[in-house]
Amino acid sequence: MEAKIDELINNDPVWSSQNESLISKPYNHILLKPGKNFRLNLIVQINRVMNLPKDQLAIVSQIVELLHNSSLLIDDIEDNAPLRRGQTTSHLIFGVPSTINTANYMYFRAMQLVSQLTTKEPLYHNLITIFNEELINLHRGQGLDIYWRDFLPEIIPTQEMYLNMVMNKTGGLFRLTLRLMEALSPSSHHGHSLVPFINLLGIIYQIRDDYLNLKDFQMSSEKGFAEDITEGKLSFPIVHALNFTKTKGQTEQHNEILRILLLRTSDKDIKLKLIQILEFDTNSLAYTKNFINQLVNMIKNDNENKYLPDLASHSDTATNLHDELLYIIDHLSEL
């Protein structure tokens, strides 16, 4: 017995592919129905400026996919979501403890991949710093979003507070992707950092998601009808409605919005009532749609290349890349 213990403690921990398969089940479940690959398509387009070699690009893509899908596992637990991509969420199949552990495990698997991006110590240190900074930002934003929801009506965020939260929550993974690529890029001819562009893209992405959750049938089939209301989420239209009714002194409507959010209801009729308030009483859905279009136009009308890559000396590349990026933006503005 002592010999076996001695052998055990003098070697690395034993791990098998069978063990790996077991603890990866919640993660593999979410992969059964892939997402729309928006982030991977964006990486491919941005790499037309960054010019990362294929091996590095593949690793960055893998890091992003691991982080994105793992964050969805945690999101679904935090939101008590029944559906993800039209199928039962992982935590309802494998349990909350296993799903949390798997998601956290995949975060560290993603961190482990960073070491494969370079053998140069200063660059590796920079990449790990970027990784840590943006995961911290992501959790800060997610934490605020949850706090506002779970302790409503203690804090009713303003639009500015909401946008700052999204810069952390949604912007974190967008920025992590871009900053890794910029740090690794052998090219410098794009003229300026694309972080402002990616920040704006992240804001558009999140507000559009908030809007479609209340309006889009396809999203209803994948996540459940107006699931943000069941969650009690302070999404962009809800934030506008609460501030609008408060400013206008519409106490009855203000309290009704709060009441429905606090119900955490799955009742379709009650959720439709709140949507009607947002549609007709506070005009919050129209305001949200208009706000998205304003943000999109900041990019589409960017004649000075404040946000888009500056590729004046590479006119063919610039034209094609700008067209592709504007196509992505147009897709995000389809409501």
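FYI, residue positions are counted from 1 along the chain as it appears here.
Just so you know, glycine gets a Cβ as well, placed from its N, Cα and C.
Long-range Cβ neighbours of K36 (isopentenyl diphosphate binding site) (same chain, at least 6 residues apart, Cβ-Cβ under 8 Å): none. Positions annotated as isopentenyl diphosphate binding site by Swiss-Prot: K36, R39, H68, R85.
In three-state terms derived from DSSP, D75 (Mg(2+) 1 binding site) belongs to a helical segment. The Mg(2+) 1 binding site annotation in Swiss-Prot covers D75, D79.
Neighbour count (other Cβ atoms within 10 Å of the Cβ, all protein chains): 20 for D79 (Mg(2+) 1 binding site). The feature Mg(2+) 2 binding site is assigned by Swiss-Prot to D75, D79.
Cβ contacts within 10 Å of R84 (dimethylallyl diphosphate binding site), excluding its own Cβ and spanning all protein chains shown: 24. According to Swiss-Prot, the dimethylallyl diphosphate binding site annotation covers R84, K169, T170, Q206, N213, K223, K233.
Taken from Swiss-Prot, the feature site 'Important for determining product chain length' covers Y107. Residues within less than 8 Å, Cβ to Cβ, of Y107 (site 'Important for determining product chain length') and separated from it by at least 6 positions along the same chain comprise L66, L67, S70, L135.
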For isopentenyl diphosphate: widest Cα to Cα gap among K36, R39, H68, R85 in Å: 16
Separation of alpha carbons, T170 (dimethylallyl diphosphate binding site) and D75 (Mg(2+) 1 binding site) (Å): 12
Pairwise Cα distance for K233 (dimethylallyl diphosphate binding site)/R39 (isopentenyl diphosphate binding site) [Å, integer]: 24
Cα-nearest neighbour of H68 (isopentenyl diphosphate binding site) within the listed binding-site residues, D79, R84, N213: R84
Nearest-integer angstrom distance between the alpha carbons (Cα) of Q206 (dimethylallyl diphosphate binding site) and R39 (isopentenyl diphosphate binding site): 13
For R39 (isopentenyl diphosphate binding site), the one of D79, K169, N213 that lies nearest, given that the binding-site residues are compared by Cα: K169
Cα-nearest neighbour of D79 (Mg(2+) 1 binding site) within the listed binding-site residues, T170, N213, K223: K223
